[in-house]
Amino acid sequence: MGGSSNRVEDLSYTDSDLENPLPVSATIPPMEIHKVCMPPKRGTLEALKQRLGEIFFPDDPLHQFKNQSPLRKLLLGLQYLFPIFQWGSEYSLKLLKSDVVSGITIASLAIPQGISYAKLANLPPIIGLYSSFVPPLIYALLGSSRDLAVGPVSIASLVMGSMLREMVSPVKDPVLFLQLAFTSTFFAGVFQASLGLLRLGFIIDFLSKATLVGFMAGAAIIVSLQQLKGLLGIVHFTTKMGIVPVMASVFQHRGEWAWQTILMGFCFLVFLLTTRHISLRKPKLFWVSAAAPLASVILSTLLVFIFKAENHGIQTIGHLPKGVNPPSANMLYFHGEYLSLAIKTGIVTGILSLTEGIAVGRTFASLKNYQVDGNKEMMAIGLMNMAGSCTSCYVTTGSFSRSAVNYNAGSKTAMSNIIMAATVLVTLLFLMPLFFYTPNVILSAIIITAVIGLIDFGAAIRLWKVDKLDFLACLSAFLGVLLVSVQMGLAIAVGISIFKILIHVTRPNAVILGNIPGTQIYQNIGYYREAMRVPSFLVLSVESPIYFTNSTYLQERILRMVREEEERIEACNENTLKCVILDMAAVTAIDTSGIGAITELKKTLEKKSLQLVLTHMVGDVIEKLHLSKTLESFGSDSVYLTVGEAIASISSGYKEKL
């Protein structure tokens, strides 16, 4: 052992090596044994800089500024901070035509959805339209996705409305409720922008896909059941979110059911679901489902107006004020007994909306083969919500349904968001009186149609087939939302995600390796039937880093595997076990506790007259073992590049002693 270079000499095997593999009971052919070299020495600051860079700047965002003139650096800086300067410099009339079509198309979906989702959050319907005007403009300046369509979304709306309603009634104290909604949006934006600024986006990855599948499905069902109030014409309805109280409230108020409302609601619901089915079956007809919500609003409004249906028990939206977003900075609630509620609601809805927005952006970016910067997206969504909270908007993000329509409509840039915002502006200025007779039942039908897409049966089936633990996490989150509350379902989802991480970290896998006859390859004997044990050797592989969280477990696990191997050898009357080889190819890191566990394992095995050999160590592991003087205690005859070289060298040593 020794050397100061981390260059490893030629590790390729010769033809004779491949023709004479390591047999189980025959003589092992001679093999060139390569020296294990130490990594080059690094200063503490250099090592810390490299480590922090990999954690917080894996994409190396400053690489584009290298070797550039000051003017060019200024231009690149503006394009980095404001992506609109990047795509705007190459914009053309052809791109504008595509963006105008897609912008108007998503506006036809955003207008009825904005009104519906505001009602879902227990906010005035006009707030939903306000939230579809200012945030898309800000995102167009700062966002890096070409296809993300920004606006209110169902899950964040539901969570915000239910969390705030637990302590403040939107009916008895609507002004305070509105203040808390704006304040929650502000804190959601601060939280989101902070994650992007500090480059801590990996935090949202703690919500695994499996738990999100279950959470979204449960929330979609709860949202749909909540709309029974509108579909059946019920006036008094429970404020609780669990399936049991919701269904109990539905049947307890059977006397409030209105057949006119039921007839209209289910007719339009069938219409909306049919158009959605058509668009799913034939993507080229995406405009059918995109235009269906607005068409339903127009048609139902005309029916109510012509037949005076409001006099027959069909509830309508009523008056909506005309004009652009009024300022709401003076309504932000930064003191008092409900401040903690606003902060908590903001963080929860911020996490949900950020997770959905980035997931949607990355999905459509992959379809068009371009990159979405996660940290820039967090900054854009965060600043968008901070500005929105000061302009009468509540929490917004990228919507999957509207983004899908935007993508299918042929959007080319974020200009489609600007076109959508302009269309909403026209609506706010001139068309608001037309919504006076729009029935609430239509909003319920639109919400149900939108959230049905969140129920992904295919994903749940795949989870069951591939990973039962993931399926259990999905099912737990689903049942938590369905049987308790949306907040509890989210808490269960986060808890299960963290629990899964802890399981993988604290209970890593360790397996026995065997030789594939005719090769120098060693694989898990549990997966490869042809893999055969090498007499007198026990080859083990640890498939995770060795940290303080798992070092004791791994030490006990390896000793148990050694004991079981000795018992097997005795039962089969095979050659006595002499050496334990630890393949550390998958051990990407080790800490002081892990080093201590390796040292203790070596001492324990020596007491049993067994040699411990380390192979396949990566640079970071070798460096730490070297600095801790652990490698010196092993010696050059117990550290090798590969398992094959270790067995060849040690076997020849055993023969020389015979």
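Counting starts with 1 at the first residue shown.
Here the Cβ of each residue, glycine as well, is placed from N, Cα and C on the backbone.
As stated in TrEMBL, the feature transmembrane segment covers range 230-251 out of the listed 76-97, 230-251.
Broken down by DSSP into helix, strand and coil, the domain 'STAS' (527-650) contains 63 helix, 21 strand, 40 coil. If you look at the transmembrane segment (230-251) against the transmembrane segment (176-195), you find fewer than three C-beta pairs under 8 angstroms, all six or more positions apart, and that falls short of contact. Between the transmembrane segment (257-273) and the transmembrane segment (442-464), three or more CB pairs separated by 6 or more residues in sequence fall under 8 Å, so the two stretches touch.
Within its own chain, the transmembrane segment (418-436) has Cβ neighbours under 8 Å at 99-100, 102-104, 106-107, 110-111, 114-115, 125-126, 129-130, 132-134, 136-137, 140, 149, 297, 301, 316-325, counting only residues six or more beyond its boundaries.
Long-range neighbours of the transmembrane segment (471-499) within the same chain, counting only residues 6 or more positions beyond its ends whose Cβ lies under 8 Å from a Cβ of the stretch, are 158-159, 162-163, 206-208, 210-215, 217-219, 221-222, 240-244, 348, 352, 460, 463-464. Counting same-chain residues at least six beyond the ends of the transmembrane segment (442-464), those with a Cβ under 8 angstroms from any Cβ of the stretch are 112-113, 115-117, 119-120, 125, 154-155, 209-210, 213-214, 216-217, 219-221, 223-224, 227-231, 264-265, 268-269, 272-273, 276, 292-293, 296-297, 300, 317, 400-401, 470-471, 474. Sequence-distant contacts of the transmembrane segment (378-397), counting only residues of its own chain at least 6 positions beyond either end whose CB sits under 8 Å from a CB of the stretch, comprise 118, 121, 123, 127, 130-135, 138-139, 142-144, 150-153, 156-157, 160, 181-186, 188-197, 201, 325-329, 332, 346, 349-350, 353-354, 356-358.
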